[in-house]
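Visitor: Let me give you the structure first, and then I'll get to my questions.
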Amino acid sequence: MRQSLSLFNTLTRRVEPVVPIAEGEISLYTCGPTVYNFAHIGNLRTFLFQDLLKRTFQAAGYRVRHCMNITDVEDKIIRDSQADLPAVASNQDRHSAMKALTDRFTAIFLEDLGTLQVLQADYLPKATDYIPEMIRLVQALEVKGLAYVRDGSVYYRIAGLPQYGCLAHLDREGMQAGASVDADEYERDSVTDFVLWKAAKPGEPSWDSPWGPGRPGWHIECSAMGMELLGPRVDIHSGGVDLIFPHHENEIAQSEGCLGHRWVNHWVHGEFLMVEGQKMAKSLGNFFTLRDLVARGVDPIALRYAIQSNHYRKVLNFSFEGLRAAENALKRIRAFRKRMEGQGQAGGGPWAEALDPLVRLDQARQAFWSAMADDLNTPEALAAIFTLISDLNAQDDHVALTHSERGSVLAFLDETDAVFAAWPHEAANLEAEVEGLIEARRAAKAGKNWAEADRLRDQLKAMGIILEDRKDGSSGWRKA
Ligand code: AMP
Ligand code: ZN
């Protein structure tokens, strides 16, 4: 049976049921990374929240069509990729330098997601592959009188769209008519016309366009890719809270300005990961990457659990104690799973005192799903699992669970693991790990990161895994 799920909608500021546009299917757009450096675990908190969201819909019986973009052209990417090029470098050299940087960090990013058991999106478009679609969207906005050209750049006229400000709940009085901003990122107190297409500056890679050489602004990228790949109506669009303004507000302006109707039904935003009261951010230098933590011996799945066991709309303070608590919680669930996988020894207590394990299981299942259905309330959903563990461990000490009762409990652990991806069956565990490493190796090869690809091959070899490249071009593996 398909479970109805509700989520907090930033647009209405209420928890609302998600009613799919197409029966049984959820279209989901998540803003992807800007690939100029390693993602930090603050960024990864957002991607883990989105994975939880997606897995919850899947486990609740929906088909999810998921698109996550890769932002591979943007102010910071250009700054970092062009720094070492001479002033006379050709446009082609500039594009190659940008691509070398973004390919490298795309592969690293996808590898990190694999390590964290984040499911791959169905569509993973790179912005630079959608330049014609972006140009067409800007042209459509020009035709509608929502865009104007100045010095080879094109700007969005926010006064032309009555709903501008609806997502960030902006005060329209405070908007500065006619003023415009070229930067991709700016603060709420400077609400102005924003740039759609930027005229080329010396030292920047560019594309030809009807307005002369230039490049897309950041916001137009997601509107163009989202509309192209998921269509004109989308169920859910999400990102971190910092994307509400200006990025998502501007995405709405671009897409709805062009479409003339509502584009996305549910806007869902995850809160920040903080360090000592400050947002974890590259610019503040207070960040860890996933690799930093793994090098310190942290189990990536404990990080996954530490993040997902907190509600996505609450600020989360990062700490090593939090990671240790997550490791302990996982140990408890995994030990229980092992116990249920074993034969069980009757404790010899009288049957009259026994609970009915199946009644307890049913209560736990209901509590789990009503918590998840209520805006992904993971702390309560996990509490339902821990209550079940205490009850059934006590019961099993007393009068052992039967084989069929154990089977029902294990089915529930599989059902909940489909959401949390942290307590898989041992064999499934190995399979997931191997598939993750193979995927990471494929990504490393695609990014021409040969040293990393070799390291991953050696790691698989050390695990006794033999890779097989088949005649039909596919590849597989087996245990030696
Ligand atoms: P970026 O690669 O900078 O475009 O960011 C990728 C995602 O990480 C965006 O959805 C941001 O909202 C999110 N993000 C950035 N910093 C944090 C943080 N400290 N905690 C949670 N999410 C963050
Ligand atoms: Zn976006």
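Including glycine, each Cβ sits where the backbone N, Cα and C put it.
TrEMBL entries are annotated by machine, without manual review.
So TrEMBL lists these for the protein:
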type	residues	note
BINDING	Cys31, Cys222, His247, Glu251	Zn(2+) binding site
MOTIF	33-43	motif ''HIGH' region'
MOTIF	279-283	motif ''KMSKS' region'
BINDING	Lys282	ATP binding site
DOMAIN	367-421	domain 'Cysteinyl-tRNA synthetase class Ia DALR'
Visitor: Rounded to the nearest angstrom, how far is the Cα of the residue listed as 'ATP binding site' from the Cα of Cys31 (Zn(2+) binding site)?
Guide: 18
Visitor: Let's check the environment of His247 (Zn(2+) binding site): how many other CB atoms sit within 10 Å of its CB?
Guide: 21
Visitor: What three-state class does DSSP give Cys222 (Zn(2+) binding site)?
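Guide: Helix, per DSSP.
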Visitor: Express the distance between the Cα positions of Glu251 (Zn(2+) binding site) and the residue listed as 'ATP binding site' as a whole number of Å.
Guide: 24
Visitor: Measuring Cβ to any atom of ligand 1 with a strict under-6 Å cutoff, which of the binding-site residues Cys31, Cys222, His247, Lys282 qualify?
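Guide: Cβ < 6 Å from ligand 1, in sequence order: Cys31.
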Visitor: Measure from the CA atom of the residue listed as 'ATP binding site' to the CA atom of His247 (Zn(2+) binding site) and give the result in Å, rounded to a whole number.
Guide: 19
Visitor: What are the non-local neighbours of Cys222 (Zn(2+) binding site), defined as same-chain residues 6+ apart in sequence with CB under 8 A from its CB?
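Guide: Tyr29, Cys31, Asn69, His247, Glu251 - these are the non-local Cβ neighbours of Cys222 (Zn(2+) binding site), listed in sequence order.
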Visitor: Which binding-site residues out of Cys31, Cys222, Lys282 lie by ligand 2, going by a Cβ under 6 Å?
Guide: Cys31, Cys222
Visitor: So which other residues, same chain and not among Cys31, Cys222, His247, Glu251, have a Cβ within 8 Å of the centroid of the Cβ atoms at the Zn(2+) site?
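Guide: So the extra residues in range turn out to be Trp218, His219, Glu221, Ser223, Gly226, His237, Gly239, Leu243, His248, Asn250.
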Visitor: For the motif ''HIGH' region' (33-43), what does DSSP give as the number of helix, strand and coil residues?
Guide: 3 helix, 2 strand, 6 coil
Visitor: Give me the count of other Cβ atoms within 10 A of the Cβ belonging to Cys31 (Zn(2+) binding site).
Guide: 22
Visitor: Near the residue listed as 'ATP binding site', which residues of its own chain have a C-beta under 8 A away, given they sit six or more steps off in sequence?
Guide: Asn37, His40
Visitor: Among all protein chains shown, how many Cβ atoms are found within 10 Å of the Cβ of Glu251 (Zn(2+) binding site), not counting that one?
Guide: 28
